Amino acid sequence: MDFQAGILRDGSPMESLEKQLICPICLEMFSKPVVILPCQHNLCRKCANDIFQAANPYWQSRGSVISGGRFRCPSCRHEVLLDRHGVYGLQRNLLVENIIDIYKQECSSRPLKKGEHPMCKEHEDERINIYCVTCEVPTCSMCKVFGAHKDCEVAPLQTVFQGQKTELNNCISMLVAGNDRIQTIISQLEDSCRTTEENSEAAKQELCARFDALAALLEEKKSELLQRITREQGDKTGFVQGLIHQYKEQLEKSSRLVETAIQAMEETGGAAFLMNAKQLIKTIVEASKGGRLEKIEHGYESMDAFSVSLDHLAEAVRALDFDPVEEDEEYFDGEEEEVEE
């Protein structure tokens, strides 16, 4: 429909009203019936059906299956959910339709002023009313008869206008459908990112739990081995302390015998000396023969038997790694194919 969109150029309220009545899909004034979306934006029913069909290409082939579809509003990108009736289930905006009728009547009652229709630059009095298919430019009838386009193929301006507008409308529908597919992929990638973060956090917690259990096991084993060393230390030091006690007793007895012998040597009387000398000598000889106590072996103090080699465990810890898992690349391949389409 051509309602002379540029009929008002004086910045009047009617011009502002005209801008509000333009469909964002076909870029023309809304055609009846006008449907109102849940986001309160308006579309021609045909335009709404076109973008709905582009976003749901298999909806028509579903027959009697009770199923709906979805598409996004071209003005605000709000997702519109439809039932099995499709676009025909949307409510008509009768207010906008009435405003369009009033606007058409106002426009038709005003005469067309000179200069409001594009004029030919070569023939100033001729309106541009045909389209040169060869040169792909609008021109006038005089240019076709006498001018630069006399040997070119021409077509009615309105026919070419409607054809290119239809083609542009189809391109817009394809872009809208492509944007919906891209938005779907973005949503899938965002979900994948959130799932990856959640799985990573769970994997970290599991890894920490396993290492904490391993550390607890090592700590338990360390305590057990330390207790064995402590027991061995107690046994050896107890045995040595017993020997020390025995040697101290022998030393004490020997010292008393030495004192007794020294006192006997100080005796000047022969009879008195001989009365005790023989028994004293016998006691000293017996003490020297029977006083050999037990001794500790060489290296008795060594604790080398309790040495533990952890090299193999250290190597095993360094070699720790995650179990190899075959990665499923089908999901990413599918996404790449969809993006390429």
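Placement of Cβ uses the backbone N, Cα and C atoms for every residue, glycine included.
Here TrEMBL flags 23-77 as domain 'RING-type'.
If you look up TrEMBL, you'll see 115-157 marked as domain 'B box-type'.
Sequence annotations record features per position, and here TrEMBL assigns coiled coil to 186-268.
Look at TrEMBL and you will find 265-323 tagged as domain 'COS'.
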#### Entry: DSSP helix/strand/coil residue counts for the domain 'B box-type' (115-157)
6 helix, 11 strand, 26 coil
### Task
Tally the residues of the domain 'COS' (265-323) by DSSP class, grouping H, G and I as helix, E and B as strand, and everything else as coil.
33 helix, 0 strand, 26 coil
### Task
Let me know the model's mean pLDDT on the domain 'RING-type' (23-77).
76
